[in-house]
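Pulled from Swiss-Prot, these are the features on record:
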| type | residues | note |
| --- | --- | --- |
| BINDING | Lys11, Phe12, Ser13, Gly14, Gly54, Arg58, Thr161, Tyr167, Asp170 | ATP binding site |
| BINDING | Gly53, Asp73, Thr134, Gly135, Ser136, Pro137, Phe138, Phe139, Thr140, Thr141 | UMP binding site |
Amino acid sequence: MSLKYARVLLKFSGEALMGQGQFGLDSNTLRQVVLEVKALRDLGVEVGLVVGGGNIFRGAQIEGAGIQRTTGDHMGMMATVINALALRDVIEDMGMSSVVYSAMAIEGVSHGFNANHVKKGMAEGQVAIFAAGTGSPFFTTDTAAALRGIEIDADIVLKATKVDGIYTADPAKDSSAQRLAELTYDDVIQKNLQVMDMTAFVLCRDHKMPIRVFDMFKKDAVIRIVKGEDEGTLVH
């Protein structure tokens with residue numbers, strides 16, 4: 001089977017793992033996400049994951065409490081580690097091999113990030129999960145996804161969202177909104193489209209890393225993407 005993308009970096013939010021809940025992890029949603037990963041692995045696609053931590057902690061929760069921004073960001077990074085560990089175990093429960101690489105040193109819990117080591121493991125079939133963002137405050141997990149995607153020589157960054165691409169307007173508010181099949185990086189920046197943060201977009205643009213925005217819960221969407229079919233919105 002011919003695949004357009006052999007190595008992908010999949011980014012999704014921590015909130016996506018809550019299911020219908022308001023906090024934490026939903027077991028059915030976790031397994032649903034990992035089934036998409038398994039579908040990719042069954043095709044032979046090498047997979048790296050970046051997950052947010054908003055289902056466990058968000059900085060806005062502590063604004064005004066006297067906690068510094070840098071401390072809040074570090075707390076958010078730790079939340080992504082919790083999600084990464086959960087994903088690793090579910091991935092392995094489904095018969096795959098997986099390793100958590102954290103940008104923050106957590107001895108006995110995760111591995112430190114080394115691009116060459118990661119790429120070797122992925123080539124051998126391991127699903128690489130990148131936790132703790134970039135390891136530095138003031139950077140989002142979107143930026144971490146862009147950075148890790150570039151570092152591991154991914155063919156594309158797949159940005160999973162609640163909608164099936166980028167639209168001309170908010171489809172939840174405007175019934176005439178149309179999905180845009182393709183955009184350039186500069187289109188997104190000039191129009192200030194709020195799907196991925198600008199730092200991440202500029203990083204991808206400067207390193208010619210394509211981004212595909214898609215609905216992570218649309219059945220087989222990620223499979224269609226790696227086969228080169230029209231799905232979501234391509235930014236390149």
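Every residue, even glycine, has its Cβ placed from backbone N, Cα and C.
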Between the two most separated Cα atoms in Lys11, Phe12, Ser13, Gly14, Gly54, Arg58, Thr161, Tyr167, Asp170, the residues recorded as binding ATP, what distance in Å do you get? 27
Are there residues of the same chain, six or more positions away from Ser13 (ATP binding site), whose CB falls under 8 angstroms from its CB, and which are they? Val51, Gly52, Gly54, Asn55, Thr141, Ala160, Thr161
For the UMP site made of Gly53, Asp73, Thr134, Gly135, Ser136, Pro137, Phe138, Phe139, Thr140, Thr141, how many Å separate the two farthest Cα atoms? 15
If I take the Cα of Asp170 (ATP binding site) as reference, which of the binding-site residues Thr134, Ser136, Phe138 has the closest Cα? Phe138
Across all protein chains shown, the one of the binding-site residues Thr134, Thr140, Asp170 with the most other Cβ atoms within 10 Å of its Cβ is Thr134
